[in-house]
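Undergrad: Handing you a structure now.
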Amino acid sequence: MTPQDQINELTDRLNYYNHQYYQNSVSEVDDFTFDRLLQELADLERQYPDYRRPDTPTQRVGGAISKEFPTVYHRFPMLSLGNTYSEAELTEFDNRVRKGLNGQAYEYVCELKFDGVALSMTYENGVLVQGATRGDGVRGDDITNNIRTIRTLPLRIGRGAGGQEHGIDSHNPVPPALFEVRGEGFLPLAEFDRINKEREDIGEPLLANPRNAASGTFKQQDSAIVAKRRLDCYLYSFLSEPEVFQTHEESLIAMKQWGFNVSPTWRKCADIQAIMEYINEWETKRFDLPLGTDGIVIKVNRYDQQRELGYTAKSPRWAIAFKYKAMAASTTLNSVSYQVGRTGAVTPVAHMKPVLLAGTVVKRASLHNANEIQRLGVMINDTVFVEKGGEIIPKITGVDLSKRTEASQPINYPTECPACGTPLIRNEGEAHFYCPNEKGCPPQRQARFEHFIQRRAMNIESLGEGKIQLLIERGLVWDPADLYKLTNEQLLGLEKAYQDRDGGPRDGGAEETGKVRVVKFGQKTVDNILNAIEASKGQPFANVLFALGIRYVGNTTAERLADYFGSMDELLNAPLETLANVPDVGPRIAQSAFEWFRDPDNREYVERLRTAGLQFASERKVVAQESDTLAGKTFLYTGTFTNFTREQLEERIAANGGKLLSGVSKKLNYLIVGENPGPSKVEKAQKLNVPLIGEDEFTAMLGG
Ligand code: IVH
């Protein structure tokens, strides 16, 4: 097979596996094989860039960095929808449609109104060539690289991903050479939760809600970051000229067959009565969907009738949105408890008299922070309004003052940590109170262990939550370094029964179930734990760095630090300025890491981890040698680039015999300067007369 054939074969095969996995929930290969094939394809594409296909799955993982997004004009304007809130208003809409169609028969298609970001994708000859935001409706941002990271969106249709050779039937209409599909990009709720857990873990502020998180992610400049947040997209419109379908329904069916992610929740409805049934049915069922929805969209089914009805300046006359009212109930606030989170942040939780809301019994709601309690002016024993909006966590939205009695008592916000008694502090400009007793406060100590054992850190997950708690309680471990001293004798036979812990306010209820869970260390469990602890000594240096639990140092930052410094010793003694020079490490992270490594307790902890035998240095990546064009030359880069990710740039340097330095010094031959370079690096290089070059000059040095 020629390299081109190989590239074609791998591209089709991987796109097909991807389609099977994300659209049909079928795993035809294991993750390992998939990653190996993907790597093989990436290597081939690097060797033979001319054969790289526009629909290559290697783009799914991102990498391209956009300095700014080019503006693109929409072939068809992206309009918005009129809103209705009642059956009466819907009937008025239906009357307008009937009148507009002069007594012709007509039907509707109802869909859910997904709460995300409107996207428009253009396909040419079956290949995704452009993805854009709505913008002002006339023109939007070209965010193609970010959109390509959406795993459920076919990069090519009719081949590989659900194509003819994979069993699509011949009744299916042929997609036109040029068409556009539109839909709602979103961050699945589960993904939103996962990201926020990660952010909470390293002390980053939480993302406010899934919609803003999605919109912010689609506008990220670094598509590798976008790829890490698993965005998704539901398609709801098909546009082409000339039209290939007679009805909206046909377009939904065909899009699904071509491999697009069309939510199966749509329904054809003959009249207002059927529409009302759909509305009532989804009023509560919508909370089981993987994303937020805030209403339904009603569309006239036939395209010729849509054309006949036409448009107002802003929106179509053939479609309308029905918005659900936020679901509210009123109940009594019984008490407020305070949870201490992983980073010491104190969160008040409202405990209420159970009340039925959107099909579930709600007993708890988040009160966010002290400011929120003040803003609401809420007191214990007050009658409060609870709402379930687009998000899952119910919230208290107000107080029914007409029902306030003498029984109402002020909420006394604690001044001391509810877990360890340490006086709470509040940093300027922050909404949360914190317990500063990082090293001694039990929930914070426990959190430190949970962070340490994560798969992305030391991967000792067999030591689940209850087990750590037990080890701490029995005094067998004080901090995670002690794990490496545990013995079979100490663990075997440990046992304790726990009352199930509060599940957090998300479920709005299931706490205080009184379920008893037994944590028990049998021989098999002990073997698993000790084996996992032993195996963790092989976890790469970057994982060890992440496991330390330095505030703001997530796993990507840990990788950058590991790449840059190469060893713990370099890092332990790194001056603040050097830390701030590391790609992607801003002053806030640099300061946090610097302070962490200056703390004598932390240094002692690091030494105990060293004694335990953890990896304290990076294994340098082995790069296949391409040439010695850059032999004897040293490089450093700063900023972002159009044609290279940082990894690619480093690889090019190494593969062609050059050397990457960690800072600007007299030894540096070239500073490669991209967009938004670090000013200190540039200044220092200028002072030392180190030549500054752009990425084009660097490419030229490689021989084009
Ligand atoms: S159709 C001409 N269908 O709602 C209108 N829109 O206010 C074309 N949306 O910007 C839109 N779910 O982002 C349509 N099933 C759905 C939708 C939907 C959510 C959003 C979309 C649009 C906004 C219109």
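Using N, Cα and C of the backbone, Cβ positions are placed for all residues, glycine too.
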Undergrad: According to TrEMBL, Asp31, Phe32, Thr33, Phe34, Asp35, Ser80, Leu81, Glu111, Glu184, Lys299, Lys323 bind NAD(+); which one of Arg134, Arg156, Arg342 is listed for that same site?
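TA: Of Arg134, Arg156, Arg342, Arg134 joins Asp31, Phe32, Thr33, Phe34, Asp35, Ser80, Leu81, Glu111, Glu184, Lys299, Lys323 in the NAD(+) site that TrEMBL records.
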Undergrad: State the Cα to Cα distance, in Å, between Cys420 (Zn(2+) binding site) and Asp31 (NAD(+) binding site), rounded to an integer.
TA: 44
Undergrad: Taking 8 Å from the centroid of the Cβ atoms of Cys417, Cys420, Cys435, Cys441 as the cut-off, which other residues in that chain fall inside it around the Zn(2+) site?
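TA: Apart from the listed residues, the neighbours are Val340, Gly344, Glu416, Pro418, Ala419, Gly421, Thr422, Pro436, Asn437, Gly440, Pro442, Pro443, Gln444.
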Undergrad: How many whole Å apart are the CA atoms of Cys441 (Zn(2+) binding site) and Asp31 (NAD(+) binding site)?
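TA: Between the Cα atoms of Cys441 (Zn(2+) binding site) and Asp31 (NAD(+) binding site), the distance comes to 40 Å.
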Undergrad: Write down the Cα-Cα distance for Cys435 (Zn(2+) binding site) and Arg134 (NAD(+) binding site), rounded and given in Å.
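TA: Arg134 (NAD(+) binding site) to Cys435 (Zn(2+) binding site), Cα-Cα distance: 44 Å.
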Undergrad: When the number of other CB atoms within 10 A of each residue's CB is tallied over all shown chains, which of the binding-site residues Cys417, Cys420 has the maximum?
TA: Cys417
Undergrad: Do you know the DSSP helix, strand and coil residue counts for the domain 'BRCT' (625-704)?
TA: 26 helix, 15 strand, 39 coil
Undergrad: According to DSSP, collapsed to three classes, what secondary structure does Cys420 (Zn(2+) binding site) have?
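TA: DSSP call for Cys420 (Zn(2+) binding site): coil, neither helix nor strand.
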Undergrad: Under a threshold of 6 Å between Cβ and any atom of ligand 1, which of the recorded positions Asp31, Leu81, Lys113, Lys299, Cys441 are retained?
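TA: Correct list: Leu81, Lys113.
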